[in-house]
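Down below is the structure, laid out as structure tokens.
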Amino acid sequence: MVQLCRQWQPEYAVMADDAAALALRNELASIGLKTRVLSGDEGMCFIASAPEVDMVMAAIVGAAGLLSTMAAVQAGKRVLLANKEALVMSGQLFVDAVKQYGAELMPVDSEHNAIFQCLPESVQTNLGHCSLTDAGVERILLTGSGGPFRYSAIEELASVTPEQAIAHPNWSMGPKISVDSATMMNKGLEYVEARWLFNTNREQLKVVVHPQSVIHSMVQYKDGSTLAQMGEPDMCTPIALTLSYPERVQAGVKALDFTQVGELTFMQPDFSRYPCLELAIEACYSGQHATTALNAANEIAVEAFLSSDSIYRYRQGKCSGNEQGLCN
């Protein structure tokens, strides 16, 4: 953080807690920087809603990002939403707040950004309250790679280590989201996010396993057309679009060379391999209490797995055991 402050000399910087804020404050003072250092949720909410802020990238991982993201919404900001948990945990409350306070919502997740690009402007400008039926949309196909264990024998998953789970074959991501991708819990959380962003019913939203991660998601229309957003698996593309929308800017990502892409394959998700995905889909239609509890159970289970207090299959079972009763 000291290096970032030295490079960009921001007016504000926020640390997770008071101790970290004090340490940064002292470091910056020693090199003559006047950046104001805040801490905790209060500090994050302050800068997310500050009058001089036009745009907020909501990218804090997990439940920790909910309060500051909601603060940005309530301040009517343009919110670039990378924190899917905000919608998983607050759903209707979140999309209603976007409308009430005149905020603008832009999805950053590659899949949701792909869906956004394949939808008409009437939907893009009314996220959370749009009508897919009125827009001629038959269904949304949410793609996922299946993670690093999509071809592993199920009985081998009991011995998976954190190092193996975070080695995603296509995307470079942090440890928490990498584990979620391995179990496809991440796709389950994205399913819930898509349900709220695009106001879908169950028949309008399907998950498709696409190992190559070339097609980032698709939208099928009632006339039989299917629109797909394709590109290299690089988050710079959706980030650049959300920052510049409705314009497009250079993102430093090369265009696909279709002569080198090779075979593109698609399959139905195997819920015996990915029980977390099935659980998330069921939670999505069981009420807000179910998805909020699911997210909490998942965060605890991932933390335990990454600290080696849990094994991979137990991590999936732990989420299921904590959540199953709420989904019935």
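Cβ coordinates are placed from backbone N, Cα and C, and glycine is handled just like the others.
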Annotated companion of D109, E111 at the Mn(2+) site, TrEMBL, chosen from E27, E42, E52, E190: E190
Close in space, distant in sequence - G174 (NADPH binding site), Cβ under 8 Å, 6 or more apart: V61
Integer mean pLDDT for the domain '1-deoxy-D-xylulose 5-phosphate reductoisomerase C-terminal' (105-198): 92
Number of helical, extended and coil residues in the domain 'DXP reductoisomerase C-terminal' (230-308), per DSSP: 42 helix, 2 strand, 35 coil
The domain '1-deoxy-D-xylulose 5-phosphate reductoisomerase C-terminal' (105-198) - residue tally per DSSP class, helix then strand then coil: 44 helix, 11 strand, 39 coil
